[in-house]
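> Please find one structure pasted underneath; my questions will follow.
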Amino acid sequence: MAGNSFGDLFRITTYGESHGKAIGVIIDGCPSQIDIDEAFIQSELDKRKPGQSKITTQRKESDIAHILSGVFEGQSTGTPIAIQIPNEDQRSKDYSHIKDKFRPSHADYTYQVKYGIRDYRGGGRSSARETAARVAAGAIAKLFLQKHGISIFAHVSGVGKLEAPNLDLSDMNDLVRVRESNIVRCADPATAEEMIEFIDQVRKNGDTVGGRISTVITGVPVGLGEPVFDKLHADLGKAMMSINAVHGFEYGSGFAGSEMLGSEHNDIFVAEEGKPTQTITNFSGGIQGGISNGMDITFRTAFKPVATIMRDQATIDESGSETTISGKGRHDPCVVPRAVIIVEAMAALVIADHLLKYQSNAR
Ligand SMILES: Cc1cc2nc3c(=O)[nH]c(=O)nc-3n(C[C@H](O)[C@H](O)[C@H](O)COP(=O)(O)O)c2cc1C
């Protein structure tokens, strides 16, 4: 199975399946002398772990990160950092009823046809359990970026047709506090309440619902991103689209920009002596020509309603015969509350990779 690594200079390789012994990540290229705050890595994993609230899957995993290498006396040594997270609460028998069946809109059919073998227990490698390894690596990337004054904030801005109003992004600490004060991780408390109620209703109906995550990255200097294929937004797009269940990515004005006129959409420069050049608006989402322009980087990621619903559905089995399938066990009615931290992690990995390219003077 190819494609288990991501990034060029700040590079991760993840391994492990949902119902194997453990999942983990090897991080290559993390610079030396970064303070590796283990409590921070754990707090990031805690935001993704299952069983957090009534609106997430009830699988119970403590998701304890074990750092196996690359850290000495609390600092990165510049050698590969390996982090392993054991699997605990597998209940693999919960999946025996779908052993020979293909879940509609999941990865069972494509994996079976491509590889001729698949770990049906929770989807094996196609399970979003793999993303815990990315969150651990993303935490290391965030610690590296912190040293350079770069911060990332994401929150749930939409669930189904519910949409949070645009936020004032000036106080990131306060936004994180509000986001973490509600189980849906929306930084607008009134919308959060509506979202929670809606997701709970969907869950009681045995169904699932999609949602959107908005992200802002502050403190990125001018010049990150390569001008042709490895544009900063292209790499962010790949990172986001590599997350399970993601169906859409847009940066800056995104699809709404295509409905505007150039005279409305152009970001006008303001030059003030002694200050970095700014633009009045930021429809470019902080990236022009594939290169960061010093403004906040903004993007949105859209997640589908995930496949496993607690209802009977028509499907086919491995012999191609028609059959029915019904979700059993523990599943997420809406994945965005847990995906917020995955989005932040993948964004951190992209920015860390591009920051290293920028520092190595690949301009
Ligand atoms: C945090 C998170 C949790 C998920 N939980 C579930 C789940 O409980 N049930 C499910 O069917 N899919 C779940 N998914 C989505 C599947 O992993 C994904 O739909 C599947 O691998 C097929 O890939 P695709 O949707 O990207 O095509 C989850 C995704 C994320 C990001």
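Cβ coordinates are placed from backbone N, Cα and C, and glycine is handled just like the others.
According to TrEMBL, the record shows the following:
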- ARG48, LYS54: NADP(+) binding site (BINDING)
- ARG125, SER126, SER127, ASN244, ALA245, GLY289, LYS304, PRO305, VAL306, ALA307, THR308, ARG330: FMN binding site (BINDING)
> Could you round the CA separation between LYS304 (FMN binding site) and ARG48 (NADP(+) binding site) to a whole angstrom and send it over?
18
> Look at each of the binding-site residues, SER127, THR308, and point out the one with the fewest other Cβ atoms around it within 10 Å.
SER127
> Including all protein chains shown, what's the count of other C-beta atoms within 10 A of the C-beta of VAL306 (FMN binding site)?
21
> Kindly point out which of the binding-site residues ARG48, ARG125, VAL306 have a C-beta less than 6 Å from some atom of ligand 1.
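Result: VAL306.
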> Going by C-alpha positions, which of the binding-site residues (ARG125, SER127, THR308) is nearest ARG48 (NADP(+) binding site)?
SER127
> Among the binding-site residues listed here, ARG48, LYS54, ARG125, LYS304, which has the most company in the form of other Cβ atoms within 10 Å of its Cβ?
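Comparing the binding-site residues ARG48, LYS54, ARG125, LYS304, the most crowded Cβ belongs to ARG48.
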> In three-state terms from DSSP, label ARG125 (FMN binding site) for me.
helix
> Distance between VAL306 (FMN binding site) and LYS54 (NADP(+) binding site) at the Cα atoms, whole Å?
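Answer for this pair: 17 Å between alpha carbons.
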> When you look at ARG125, SER126, SER127, ASN244, ALA245, GLY289, LYS304, PRO305, VAL306, ALA307, THR308, ARG330, which the record names as binding FMN, what is the longest CA to CA distance in angstrom?
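Max Cα-Cα spread across the FMN binders: 44 Å.
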> Enumerate same-chain residues with a sequence separation of six or more from ALA245 (FMN binding site) and a Cβ-Cβ distance below 8 A; give 'none' if the list is empty.
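Residues satisfying the criterion: ALA128, PHE303, LYS304, VAL306, VAL335, ALA339.
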